[in-house]
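Everything on this sheet refers to the single structure shown next.
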Amino acid sequence: MRTSMFRLIRNGSASRSRDIGRGYSSGAVPERKVAVLGAAGGIGQPLALLMKLNPLVSRLALYDIAGTPGVAADVSHINTRSEVAGYMGEEQLGQALEGSDVVIIPAGVPRKPGMTRDDLFNINAGIVKSLCTAIAKYCPHALVNMISNPVNSTVPIAAEVFKKAGTYDEKKLFGVTTLDVVRAKTFYAGKAKVPVGEVNVPVVGGHAGITILPLFSQATPKANLPDEDINALTKRTQDGGTEVVEAKAGKGSATLSMAYAGALFADACLKGLNGVPDVVECSFVQSNITELPFFASKVKLGKNGVEEVLGLGSLSDFEKRGLENLLPKLKASIEKGIKFANQI
Ligand SMILES: NC(=O)C1=CN([C@@H]2O[C@H](COP(=O)(O)OP(=O)(O)OC[C@H]3O[C@@H](n4cnc5c(N)ncnc54)[C@H](O)[C@@H]3O)[C@@H](O)[C@H]2O)C=CC1
Ligand SMILES: O=C([O-])CC(=O)C(=O)O
């Protein structure tokens, strides 16, 4: 059991107490260490900034193979709660991970125009495998937020690495699909002309092309959009990543919106760990709501990570067809990850 769970901080000033204490009955917030692996990258840097702004974080460890001293020095000057430390190179990875409650992984190469997420497999699979081997050794109880693509394969890789190390806990491994939800909400609000801050849209399946299945039939506020709008919104959500890759024209993929989405998801994990009730986010997790071993759906987060994998709810005929079509593709990506992790 981690001692950090029991070392509570009490807040000095009234305004600080209001900020940190939001959603906490006692006004006392546990200490939490968050590690970001790949912290000097396009996602890692703004994500480090956003995690530094999160009052639920007491220690922030920024790890990368290069560039972390500068990022850590920069972020550490911000006058918020967490203490920041930078770690660079494999020999410092253990220190970065030790005592972590949440590990966020945006390490790995991004797409260029013309590539699919699966084209990143050959490089990113090895990176994820080695980082997860270290997680199993240094912080086996941490919640792992996997951002590195292809998520449909990197999450199964992580699971296999943890199984081999004897540390796998299916409640603690998450593929971050929050950006799909963020996009679906934005695009829906635009089309339905409803306030974006009020919109909710579950996105299920996986995180690549047609495996991304937004459930606009369940979107709120309700808007009764015509089928052609739903088709267009679905396609735009599925191709959201490619839209950014093309606009960046060779300079990478989504970083700022991804950092926002990653920070939202990590915040939800921290709230769950801290016992805040009714924290629900979509995530790609071990699941039995379809025949596949991993699937993204709404997940209730609690003190041990996944508290409950929620069902799909009722689907429109269009969504039912989307689900049928995505299953074989997602299955192949999951199997590819499992096979890779089990190669000697
Ligand atoms: N899940 C999602 O929704 C999204 C996932 N992504 C994925 O996130 C990943 C990162 O994207 P960017 O930050 O744009 O790439 P980037 O190239 O800007 O940054 C990646 C960072 O990872 C670091 N890195 C490489 N090997 C490492 C290792 N062994 N240990 C620690 N750090 C290592 C690099 O030094 C670099 O700083 C990509 O795989 C991308 O496809 C991107 C957007 C959305
Ligand atoms: O499209 C990419 O390569 C990055 C990503 O996962 C996204 O933006 O959803």
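Placed from the backbone N, Cα and C atoms, the Cβ positions cover glycine too.
All TrEMBL annotations are machine predictions without curation.
Under the heading domain 'Lactate/malate dehydrogenase N-terminal', TrEMBL lists 33-175. In the predicted model, the domain 'Lactate/malate dehydrogenase N-terminal' (33-175) has a mean pLDDT of 98.
In the three-state DSSP scheme, A40 (NAD(+) binding site) is classed as coil. A C-beta separation below 8 Å, combined with a sequence spacing of at least six in one chain, links A40 (NAD(+) binding site) to L62, D64, A66, G67, T68, G70, V71. Marked as NAD(+) binding site by TrEMBL: G38, A39, A40, G41, G42, I43, G44, D64, N124, I147, S148, N149, M258.
According to TrEMBL, the feature substrate binding site maps to R111, R117, N149, R183. In the three-state DSSP scheme, R117 (substrate binding site) is classed as helix. Long-range C-beta contacts of R117 (substrate binding site), restricted to its own chain and to partners at least six residues apart, with a cutoff below 8 Å, comprise R111, N149, P150, V151, N152, H207, A208, G209, G241.
Per TrEMBL, domain 'Lactate/malate dehydrogenase C-terminal' is recorded for 177-340.
Residues annotated as active site, proton acceptor in TrEMBL: H207. Under the DSSP three-state reduction, H207 (active site, proton acceptor) is assigned to coil, being neither helix nor strand.
Report note: the substrate site is defined by R111, R117, N149, R183, and the residues of the same chain whose CB lies within 8 Å of the CB centroid of those residues, excluding them, are P110, P150, H207, A208, G241, T242, V245, S253, A254.
For the substrate site, whose binding residues are given in the record as R111, R117, N149, R183, the maximum C-alpha distance rounds to 18 Å.
In this structure, the CA atom of M258 (NAD(+) binding site) is 10 Å away from the CA atom of R183 (substrate binding site). Around R183 (substrate binding site), the C-beta neighbours below 8 angstroms that are at least 6 residues distant in the chain are R236, T237, G240, S257. Of all the Cβ atoms in the protein chains shown, 27 others lie within 10 Å of the Cβ of G44 (NAD(+) binding site). With every protein chain in view, the residue among the recorded positions R111, H207 whose Cβ has the most Cβ partners within 10 Å turns out to be H207.
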